């Protein structure tokens, strides 16, 4: 069952200029993205800086105005004009930087309890019970309750962020580069733990990242974004074993591998792909420099290939 | 090995920082050497002392106590005053910085930032400097270098700015290039380009490179030899193939196993328990990694372990590697490893 | 840049209109008018009434306002009823005095403030820095009129080094060297009184700017290039640290041009601040209105000046 469906999402920002500050043009941060995420799975949204992956995530959270398109959550339209559907308990976000996304002047109790307080009126002891359960769940000790964020390590802070995100029993979590600010050993901790939480709570996740290794480890489905559009989408297997779009190929070839036996080969592949990319990349875009619409090449695999004819 | 073969020889380098009136070493008796044309990678997580080592070599710490020897070509650097050091840094020894977004002066044109280093190290007339600056921009792969020379940093993308930072570093054809996380802040495709560029320039100039990074993939691709740092010490140093094929120290092996990779798909990643203790709370007598592998018996560790050569050019600190096995077979629940983490954090 | 300036002025014009209307209404709500204080009680009431009528003081405020605006468009800014001279002449004398005073004060503020801030920021937490910072706290806490009185008392009355009031010595022929020297002599105490308090903000801004800038990555890179420590400060740190001061320069100049009421009162210095105060207390609205418009206009000019200066020193700010 599809929990989140994004239909032809567009987020455009106006560029203003001239004597009367009129709109001259638009930055097309997201330009026609469609994504379906089945319940209980993790969808990896990959792209380089400026590809629009974070904007897409924020649009789902309602943090960005949407220019066009629909976002359906559990079959309900989130951006319906008029009466807004309130699904904020159901969708939560985890941010990149565990250092700056937590309010340094608040204690863990207040940080985690905040979303609960916003939506439900509860007596203090009940609230404390609930927060303690959440801390247990993310593997933080009970005495963390009255400490401040700076008293924790990076991995623990990310756990606090997760505890806050799951406080309202959400169905969907949007994780925006949740481990890219962390050291590899801490990253491993957080990734393991996110997988557990997901299994326990049957969470659906949109995992936004630039690190393909991490995305491969975490996600069942992957979408590759380039300049506001998807260029390829498929299962992790499709993307890594059978990449079709030259942009995807280049992204994958660029990852340095720790296997010292393969290095020569990897460098060769990277060089070949780069040559191909330099020669053919413009052919894989339309006249306006946008990626073509996605076409299915198998049941799960879709690629932005030139329209024939 | 003859001294003259070595470009840089570091002996017992110790860099201490003041915390509450007391000096604590962040770099603790570190020794290594780099030959011309060699890439030595210094690997470790935040707090391991790898960047502090680089800053010490360049004399960039303003408030640290530094002891030990740094022999660079025919000069002993730790004995030099700032004035004489200024002749070397930016000249024969140059550095590439981590974050291109903050490493350039926002109020100066790109051209000025390059000609400044050319002028300091005795380059030519003003006109020559300016045309050489454009040449350098071209050399590091910047399209339309004449225009970029006149631009300010905010007008360039992160990848372009990093190329400018590299152009500044190679401006005076350094014999030793110190690259401190040169690609950490960049996208993968840009990273690949920048690494290519560094490799190419190094070939060209025949320079030695000290590459500081936490990315083991980058290390595998770039390095000739690798030194792994933990808590201010080098715990293992070996040629790159040897290190990746036959890692010994528990820290090296744990790091390699915590990376998501093809073989790890569908399984839990290895987690290193605990955290690096802060400088002023560190036990400096035993094996510093011991608290993070509590399942290895205490008898396996040495007191004051030293680096020991276990095979050709492969050095490991402490004997504990012989009894070490990874602890990821048991699928411990999340709360267990988090509790461990807090345990150490609490003690700290 | 020209377009930006024009748009700025265009937007602020309505603000000036609203401002002047407000001044007119408030003026008409106050008891008394320009004649109240000037009248000899022996003059017959009818004569006074006739005079009021002739001056238009009996008209409702909007008629007076309309007459005033019309006259202004014909280049007639009116006469000061109190001074019995054209308003522009009255303001002109005072404005020159104020320009001199603010010029002296500004030069002093930056001449003393910049080195103090630079030293304080470069050697932060040293004894020197602690002393300078201590002075700035004192400066923030001391009201200007207290400080002005204290140095007037010490250097004017006790030591007798400088004159205690006025803008020029009596009976000196304008245009002579003596006249200029006397002017300067009269400026010393008030401009120091303004500058020594006024510079604390500059010192603090520069100090924190330098402390912040000196740990930036590009400063480390400058050192890594082999740049001398003195050049690291002069070429890299200083320029990046004065941005906030540059941003305030325009406002500061304009604030000084408005005149300092306290200092002018204490030193009986005939400047704009006192003129404004006097014109209100004597209900001399023809002067007060023009002054308010002048202040409003200068505030806009100040903001504009600040923006332009900032766009010159900081290439990241482009005015289109």
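Any Cβ shown, glycine's included, is placed from N, Cα and C.
TrEMBL entries are annotated by machine, without manual review.
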Residues flagged as transmembrane segment in TrEMBL, choosing from C:9-30, C:31-52: C:9-30
Per TrEMBL record, range annotated transmembrane segment [choices C:71-97, C:287-313]: C:287-313
In contact by Cβ distance (the transmembrane segment (C:99-120), the transmembrane segment (C:187-206); 3 or more pairs under 8 Å): yes
Surrounding residues of the transmembrane segment (C:242-267) on its own chain - C-beta under 8 Å, 6+ positions past either end: 94, 98-99, 101-102, 105-106, 109, 114, 143-145, 148-149, 152, 164-166, 189-190, 193-194, 198, 201-202, 205-206, 209, 273-277, 295, 298-299, 301-310, 313-314
Remote residues contacting the transmembrane segment (C:99-120) - C-beta distance under 8 A, at least 6 residues beyond either end: 128-129, 132-133, 167, 183, 187, 190-192, 194-196, 198-200, 202-207, 209-210, 233, 238, 242, 252-253, 256-257, 259-260, 263, 269, 271
